[in-house]
Structures are given as structure tokens and as C-alpha cells.
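Here the structure is laid out as C-alpha cells; the discussion comes afterwards.
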Amino acid sequence: MFYFIIDILGTIAFAISGVLVAMEKKMDIFGVLIIAFATAVGGGTLRDIMIGSTPVFWMRDYTYISIIIGTVAFAVLFANHLHNFPKTLLFFDAIGLGLFTMVGVEKGLAYDLLPVMCIALGTVTACFGGVIRDILCNKIPTIFSREIYATACILGGVSYFVLIQLPIEEAYAYSIAILMVIVGRLLAIRFGIALPNIYRKER
Amino acid sequence: MFYFIIDILGTIAFAISGVLVAMEKKMDIFGVLIIAFATAVGGGTLRDIMIGSTPVFWMRDYTYISIIIGTVAFAVLFANHLHNFPKTLLFFDAIGLGLFTMVGVEKGLAYDLLPVMCIALGTVTACFGGVIRDILCNKIPTIFSREIYATACILGGVSYFVLIQLPIEEAYAYSIAILMVIVGRLLAIRFGIALPNIYRKER
Amino acid sequence: MFYFIIDILGTIAFAISGVLVAMEKKMDIFGVLIIAFATAVGGGTLRDIMIGSTPVFWMRDYTYISIIIGTVAFAVLFANHLHNFPKTLLFFDAIGLGLFTMVGVEKGLAYDLLPVMCIALGTVTACFGGVIRDILCNKIPTIFSREIYATACILGGVSYFVLIQLPIEEAYAYSIAILMVIVGRLLAIRFGIALPNIYRKER
């Protein structure tokens with residue numbers, strides 16, 4: 001139940017981020033819905049086809065499709081009241097990033113994958129929806145923003161595997177890891193934190 | 001047999017659309033073949049990997065690969081006689097769109113998916129080949145054209161599920177749905193029909 | 001063992017090509033790692049999901065991930081000593097192209113696919129990692145360079161199926177096919193060999 005709620009919240013956060021980008025690009029109603037859908041399920045779809053969990057998760061029942069349609073309807077109405085699109089987008093994107101990282105890690109564990117693969121799977125789940133959203137909307141993918149992005153997912157995933165070694169409940173480790181991704185990403189945006197570039201030094 | 005013919009016709013239509021785009025981009029012979037191939041099988045490949053129908057359909061025998069090579073040979077010879085590339089492209093793209101929408105819906109039904117998922121699968125089958133074609137050829141994807149595109153697939157799919165409730169033969173419902181997608185798309189192009197944009201209103 | 005070594009060498013060659021492109025784009029440390037990873041495993045991942053070999057190859061143990069991390073560490077240190085980035089990139093890309101073509105063909109044979117499908121699978125394995133690398137780095141994909149690229153993979157694959165008809169050892173046929181792809185690609189770059197374009201003739 002706990003994991004299911006996390007999954008739903010992540011779906012809502014990414015669907016909203018999809019609506020925001022699609023509306024900025026002045027897409028029509030169906031365009032907004034398709035972008036929201038691709039953003040919300042894109043990462044999980046790639047995760048599922050890479051581990052062979054088919055039909056992919058959102059095809060099995062109406063849960064995800066209903067939630068996305070509901071979220072889009074709500075977001076479209078609500079978005080006209082927003083005063084600051086870019087900040088709101090970055091906020092929902094960060095929330096989705098944190099939630100989906102751990103949804104992916106959890107799925108990797110359910111498939112008995114090694115810890116490093118679980119972290120890779122979490123990163124794919126979290127990052128790929130946003131990549132699809134940005135490619136479809138002809139934007140430079142947020143993943144290549146100067147501030148740390150995928151790195152936040154990797155750090156969150158690593159924290160989880162460290163935390164579950166400690167004598168704390170698994171749900172706490174899980175929740176802390178989610179918060180670390182979100183807070184890490186938001187702090188990186190706020191303070192413009194980036195990893196050092198690697199480039200050729202003149203000699 | 002009926003469904004198989006629809007599938008082959010869709011493959012031919014999309015292969016031709018791939019040849020036309022690749023030739024406009026002045027690709028070499030193999031480039032044209034690869035683009036035609038990706039356009040014709042791209043949507044169905046994504047459909048198959050999402051539902052777990054592997055090896056994907058075109059790998060099982062030489063049917064599709066022979067048809068695509070034959071179509072490319074024919075289209076390359078014939079294309080030099082065309083006087084109006086862009087219109088021909090839109091025409092074959094619309095035909096492929098209609099045929100592949102219902103091929104995808106049919107495959108979803110064969111996998112016992114829910115109606116809404118079948119429609120989503122039909123839309124993916126129909127739209128994704130063209131998206132790959134356009135991305136590989138560095139064109140803005142037709143799916144983002146101002147006129148309705150994916151919407152035509154969704155409407156066709158919905159019509160099918162409404163029609164099969166009526167006391168008519170399934171093959172008729174199937175054929176009518178195909179025609180609805182094609183005619184819907186062509187009318188949208190002809191009269192510039194688009195869905196309303198959703199954008200922030202100034203208040 | 002022979003096939004495994006070929007696979008590892010291909011992984012190293014493509015990881016280096018990923019590092020070189022990512023460094024030219026001045027990405028940060030994790031960005032370089034992710035691009036190297038995507039380049040090295042992208043083609044094989046698409047191959048595996050199309051034939052239904054899941055979880056995909058690099059998820060099963062730490063072999064590939066360790067090799068890629070090691071290669072990236074080495075390449076980042078070594079790259080600062082390189083005097084000619086573009087040539088080095090083309091060289092490693094050609095090596096990866098040859099090795100991965102035959103890795104893909106071999107995997108197709110292991111799945112009892114028809115020869116033409118094995119060649120298609122080899123071409124996908126070899127070309128797709130580079131396509132992902134170039135799309136993620138916002139470069140025009142090398143596959144669309146004027147000189148032959150995918151064509152070299154197809155010719156190498158065809159050669160292999162011709163050679164195994166002759167009374168020579170399979171490992172020789174395999175190695176000759178790899179060399180044909182690499183030498184074919186490098187000669188095409190060196191002498192600017194391209195296939196004829198197909199375009200509309202003025203009449």
C-alpha cells in the first residue's frame with residue numbers, strides 16, 4: 001500500500017510537469033494529455049521492458065490512465081492561476097524524480113537485481129519520463145541542465161542501500177532516500193550546484 | 001487473412017512515406033532502406049516490446065522485410081515521376097495511420113487488454129513509426145503538426161469499440177474505423193482542422 | 001570465451017567513444033559516465049528487448065558496469081593527452097561498430113533467427129549505441145554521415161554468412177567479418193566513400 005501511494009504520487013507529479021511543458025508549447029488538448037501520459041509512464045515503461053515485466057505496468061488496469069486523465073483535467077484548470085510556470089515545473093519535476101527513483105529501485109529488488117542495477121533502474125525510471133517529455137516538446141532535456149539531476153537519483157539510491165544496513169525500518173529508509181533526491185535536486189537548482197566539468201586542459 | 005492484408009497494406013503505405021522523407025533528405029540507397037524499414041516497423045516494434053510479444057513481429061519470417069525491400073525498390077523508381085512530394089507523403093502517411101491504428105487495436109485484443117489500452121496501443125502502433133522517421137531525418141515530427149494526428153487514431157479506436165456493440169459484422173466495424181482515421185486525418189489536413197490550444201489566459 | 005572477449009572489447013571501444021563525445025560537450029563527471037554507459041550498452045539493450053532476452057544483458061552481473069566505469073576512469077585521465085579528438089573518436093567508433101555487429105549476429109543465431117534478421121540485429125546492436133550517444137549529446141548522429149556506416153555492418157554480416165559456407169573455422173569467419181566492418185568503415189572515412197544519393201532527377 002505504501003509503495004503504491006508513492007507510485008501514484010510520482011505519477012501525479014510527473015503528469016503535472018508534462019502538462020506545464022506542453023502548455024508552454026501551446027499544444028492542443030490531446031497533445032497535452034499525450035505529453036502528460038508520456039512523462040508519467042515513460043520512465044517506468046522503459047524500466048519494465050528492460051527487465052521483461054510485460055505487458056508494462058500501466059496496461060494492466062485503469063489505475064494509471066484514470067489518475068493521469070484526472071490530473072491533466074485538474075492541472076489544466078489550475079495552471080491558468082499559476083504565476084510562475086518555470087519554478088512550478090522544476091518543483092513538480094523534482095518531486096517526481098524522488099518518488100520514481102525509489103519506485104524503480106523497489107521494482108529492481110522485486111526482480112532480484114543487484115543493488116547497483118536497482119539504482120540504475122531507479123535512475124532510468126526517474127529520468128526517462130522527463131527526457132521523453134522534453135524531446136517530444138523540442139526542449140533541451142532538463143537532464144542536461146547544468147545543475148545535478150541524474151546524480152541526485154544515484155545519490156538517493158545509494159543512500160537507501162546504506163540506510164537499510166542500519167537498524168531502522170525499511171519504510172523510513174525508503175522515505176529518507178526519496179527526500180534526499182528531492183531536497184538534493186531542489187538545493188542544486190536553488191544554489192546552482194553543479195559537478196565539475198571534465199574537459200581538455202591546455203598544456 | 002483479412003487482418004494480415006491490412007497489416008501488409010499499412011506496411012507498404014508507411015514504407016512509401018519513409019522513402020519519400022528519406023529522398024527529400026537526399027539519403028543514399030541504404031539510408032532510404034533503413035528509414036523505410038524504421039517507419040514501417042517502428043510503431044509495431046514498440047507495441048510488441050510493451051506487451052512482451054517477442055521476438056517482435058518482423059523478426060519471425062521474411063514477410064515484412066521482403067515487402068519493405070520490394071516497396072522501396074518500386075517507390076524509388078516511381079518517385080522520380082511524382083510532381084508533388086509533400087501531398088503524396090501526407091496521403092500515404094494518413095493511409096498507414098488508419099491501417100496501423102486498427103492493427104494495434106487488434107493485437108491489444110489478442111492480448112486481452114482493456115479497450116482503452118487497445119486504443120492506446122493502436123495509437124502507438126500508428127504514430128511511432130512516423131515519429132522515428134521524422135526524428136531520424138531531422139524533421140519536426142508530423143505528430144506535432146497543427147492539424148489533428150494522434151487524435152484521429154484515438155477517435156478511430158473509440159469508434160471501433162462503439163461499432164462492435166452494434167449488430168454489424170466485426171470486419172465492417174474494423175474497416176469503418178480504419179476509414180474514419182484516414183478520412184479524419186485527410187479532412188483535418190485539407191481544411192486545417194485543429195483542436196483548440198490550451199494556454200494561459202491573461203487575466 | 002572468444003565471443004565474450006569480443007563483447008568486452010566492443011564495450012570498451014564504445015565507452016571510450018562516449019567519453020570523447022561527452023567531453024567535447026563539456027559534461028560533468030556523471031554526465032560523462034552516463035553517456036559512456038548509454039553508448040556502450042544502448043545497442044545491445046535494444047537488441048535484447050526486441051528478441052525478449054530480459055533482464056537485458058548488462059543487468060545480470062557487474063561485468064559490464066565495472067568495465068565501463070574502469071574504461072571511463074582510464075579514458076578521462078588519458079583523454080587529456082590526446083592531440084586529435086575527432087580522429088580518435090572515429091577510430092574507436094569504427095572498432096565498436098565492427099565488434100558489436102558480430103556480437104549482435106551471434107545473439108540472433110543463439111535465438112534461432114533467420115540470417116537476414118541476424119544481420120539486422122547486428123546492425124541495430126552496432127549502430128544504436130552511437131545514435132543514442134549523439135542524440136543525448138545533441139549532435140547530428142554519425143549514422144547519417146556522408147560516408148557509409150550502417151552499410152559497413154550489413155556488408156560485414158553478409159560476409160559472415162557467406163564465409164561460414166566455406167570450409168574454414170567459424171572463429172575465422174567471425175574475425176574476418178569484424179575486420180571487414182572496421183576496415184570498410186575506416187576506408188570509407190579516409191577516402192570519403194559514400195553510396196550514391198537517390199534523388200529526383202529533373203526531366
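Glycine residues also receive a Cβ, built from the backbone N, Cα and C atoms like all the rest.
Annotated domain 'Glycine transporter' per TrEMBL: C:5-79 (among others), in sequence order.
Residues or ranges marked as domain 'Glycine transporter' in TrEMBL: C:91-163 (among others). Taken through DSSP, the domain 'Glycine transporter' (C:91-163) splits into 59 helix, 0 strand, 14 coil.
What TrEMBL lists as transmembrane segment is C:6-23 (among others). Listed by sequence, the residues of this chain that lie at least six past the ends of the transmembrane segment (C:6-23) yet keep a Cβ under 8 A from its Cβ atoms are 31-32, 35-41, 43, 63-64, 67-68, 71-72, 75-76, 79, 85, 88-89, 92-93, 95-96, 99-100, 102-103, 129-130, 133-134, 137, 139, 174, 178.
Under the heading transmembrane segment, TrEMBL lists C:30-50 (among others). Long-range neighbours of the transmembrane segment (C:30-50) within the same chain, counting only residues 6 or more positions beyond its ends whose Cβ lies under 8 Å from a Cβ of the stretch, are 11-12, 14-19, 21-23, 56-58, 64-65, 68-69, 71-72, 75-76, 96, 100, 103-104, 107, 121, 124-133, 136-137.
Note on the transmembrane segment (C:62-82): residues 8, 11-12, 15-16, 19-20, 23, 29, 32-33, 36-37, 40-41, 88 of its chain, located 6 or more positions outside it, place their CB under 8 angstroms from a CB of the stretch. For C:62-82 (among others), the entry in TrEMBL reads transmembrane segment.
Taken from TrEMBL, the feature transmembrane segment applies to C:89-107 (among others). With a cut-off of 8 Å between Cβ atoms, the residues of this chain six or more beyond the transmembrane segment (C:89-107) that come close are 3, 6-7, 9-10, 13-14, 16-17, 20-21, 40, 43-44, 47-48, 51, 53, 118-119, 121-127, 129-130, 142, 149, 152-153, 156-157, 160, 174, 177-182, 185-186, 189.
Per TrEMBL, transmembrane segment is recorded for C:113-136 (among others).
Feature annotation from TrEMBL assigns transmembrane segment to C:148-166 (among others).
Per TrEMBL, transmembrane segment is recorded for C:172-193 (among others).
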Taking helix as H, G and I and strand as E and B in DSSP, count the residues of the domain 'Glycine transporter' (C:5-79) in helix, strand and coil.
63 helix, 1 strand, 11 coil
